[in-house]
Amino acid sequence: MGSLRHAWFNTSFSFPSSGFSGFCASPIEESHGALISSCNSRTMTDGLVTFRDVAIDFSQEEWECLDPAQRDLYVDVMLENYSNLVSLDLESTTYETKKIFSEKDIFEINFSQWEMKEKSKTLGLEASIFRNNWKCKSIFKGLKGCQEGYFSQMIISYEEIPSYRKSKSLTPHQSIHNTEKPYVYKERVNACSHGSKLVQHKRTHTAEKHFECKECGKNYLSAYQLNVHQRFHTGEKPYECKECGKTFSWGSSLVKHERIHTGEKPYECKECGKAFSRGYHLTQHQKIHIGVKSYKCKECGKAFFWGSSLAKHEIIHTGEKPYQCKECGKAFSRGYQLTQHQKIHTGKKPYECKICGKAFCWGYQLTRHQIFHTGEKPYECKECGKAFNCGSSLIQHARIHTGEKPYECKECGKAFSRGYHLSQHQKIHTGEKPFECKECGKAFSWGSSLVKHERVHTGEKSHECKECGKNFCSGYQLTRHQVFHTGEKPYECKECGKAFNCGSSLVQHERIHTGEKPYECKECGKAFSRGYHLTQHQKIHTGEKPFKCKECGKAFSWGSSLIKHERVHTNEKTYGCKDCGKAFGSGYQLSVHQRFHTGEKLYQCKEFGKTFTHGSKLVHERTCNDKPYKYKECGEAFLWTTYSNEKIDTDETL
């Protein structure tokens, strides 16, 4: 075989052996065995292990003589030897402590590229070993070398050049100068710029995972991946944001987080010009333009743009909730939901709006809030022209037009257009109310409801209407209010043609025609078309009146009733009729009043065909035709027992 080249390594590390088969007693096998035996038998005091024992050089003619099996074995052995030597570079501190080489000399093993004609496979291995520094060879001055056969050694003298403390810093740096990726794995066309990366890449095909976590038993391809994973168990977060103090497990997470404060969005969509702070978000966004939904749910057939969305969706079918809050015991289907929930207990709000000073628990809330200041709404519905500030809102809105309701309740069979609505609905069946108000003790099923409720006590109304100056507790209330000024009503009832300013109002209205009442009181059996009405009704049984007027002390069961009552004291009437100028204290009263001008009569009695402007009048009419209280003496019927008693007292029935 060809001549051997020298490369010296000072080491006492041993390598795990692995068997090779294919042909007997080949020099290639001896090379691998020599590396193991040399490293196992020698100690620090024995001296140096030479690469002479483990490296084999072939000439062009000799290489041609090898059969395919021998060439494959050669590749496997040399890759393993190389990866073992690379592991020394990453772990050993020998080079820092022992003065083996002069600072003017570098011993470099340079394995030139070779190519197999039968298979598309290339290999290039190179490593630089010296005492303190790893130097970038691309800018060496006075490069001198010799090449004899397929592998060569270069001894280089160098001047002042950029240096790197560890090989893992130098190796990625060298790839900047040459975009060459000489390592190609035969299973698929996937090029790697470093031999060690090829070794790691091969493990993805062989499913080989040597690094096991002692905490949970999970296996990983590399020691780096294991170290990253272990931070979940230790809770280590060494990277801290100087702006808000939030800590992160990884530096990359800190870099991404800092963009929230700086507002930097380097990733721009070429289709619509929208910019993102993360490349991942741009990739997700671009799928909206393409319209490709390649991930399909086997359970319900729903398709998704991204695999992560499919994985999250499938949890709805399984009902799995592996993430549990240690504070209140509440379980979640996703880790990020648990993280969000825990902030309710801590009260931490690190994300502050620079415009109005409002603070938020999560960065995405701040991002969405900032859109209220800019008024930007780039996502427009092709069906009705309504615009939205985020793509997810447009997708959810589109379901109103299509009627799609993929989320079904297993208890009552009711379907919803959003998974969030299903989660909220399910709490009606369980009666779960984990969120309690510290002020009045009232409990809520959802954290958002508690936040809104607390504003009743604090009186906080941070959302102001620019048209009339009226303030609201939430952005949602402000959005609904603004429709009164614009008069926009894009949602129309197919049954009677009535239009509404929001889709939820249309859904609730349609129940008048269908007679559907899915919300039933467990106390008295009375059913309601809206969950909100059931909640209000239940207070009749409990007698609960937590909302008290500061002016006169009158108590109410519901916050909305208190707000309406307070207008009696202030005489506030902000809703004016454009037809006659009459003002009203609430938007509902204005809507009812306007029917006198339009002559609109939406409510029809099925018994006699008579129509009414208000539902309450229809109910009254039905009651008039049903007189359950009869006077035994003459048989006259009455609506209420008080009337029959009065007639008895005055002897009118005698």
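All residue numbers here begin at 1 and follow the chain in the order shown.
Any Cβ shown, glycine's included, is placed from N, Cα and C.
Taken straight from Swiss-Prot:
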- LYS256: SUMO2 cross-link (CROSSLNK)
- LYS452: SUMO2 cross-link (CROSSLNK)
- LYS564: SUMO2 cross-link (CROSSLNK)
- 49-122: domain 'KRAB' (DOMAIN)
- 183-205: zinc finger (ZN_FING)
- 211-233: zinc finger (ZN_FING)
- 239-261: zinc finger (ZN_FING)
- 267-289: zinc finger (ZN_FING)
- 295-317: zinc finger (ZN_FING)
- 323-345: zinc finger (ZN_FING)
- 407-429: zinc finger (ZN_FING)
- 435-457: zinc finger (ZN_FING)
- 463-485: zinc finger (ZN_FING)
- 491-513: zinc finger (ZN_FING)
- 547-569: zinc finger (ZN_FING)
- 575-597: zinc finger (ZN_FING)
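Secondary structure of the zinc finger (323-345), assigned with DSSP and counted as helix (H, G, I), strand (E, B) and coil, comes to 11 helix, 4 strand, 8 coil.
On the backbone, the CA of LYS452 (SUMO2 cross-link) and the CA of LYS256 (SUMO2 cross-link) stand 31 Å apart. Sorting the zinc finger (407-429) by DSSP state (H, G, I as helix; E, B as strand; all else coil) yields 11 helix, 4 strand, 8 coil.
Straight-line distance linking the Cα atoms of LYS256 (SUMO2 cross-link) and LYS564 (SUMO2 cross-link), rounded to a whole number, equals 46 Å. Residues 256, 259-260, 305-306, 378, 391 of the same chain lie 6+ residues outside the zinc finger (267-289) yet bring a C-beta within less than 8 angstroms of a C-beta in it.
DSSP states for the zinc finger (435-457), grouped as helix (H, G, I), strand (E, B) and coil, give 11 helix, 4 strand, 8 coil. Outside the zinc finger (295-317) by six or more residues, the chain places 284, 287-288, 333-334, 406-407, 419, 422 with a CB less than 8 A from a CB of the stretch.
In the three-state DSSP assignment, the secondary structure recorded for LYS564 (SUMO2 cross-link) is helix. On the 0 to 100 pLDDT scale, the model's mean across the zinc finger (295-317) is 82.
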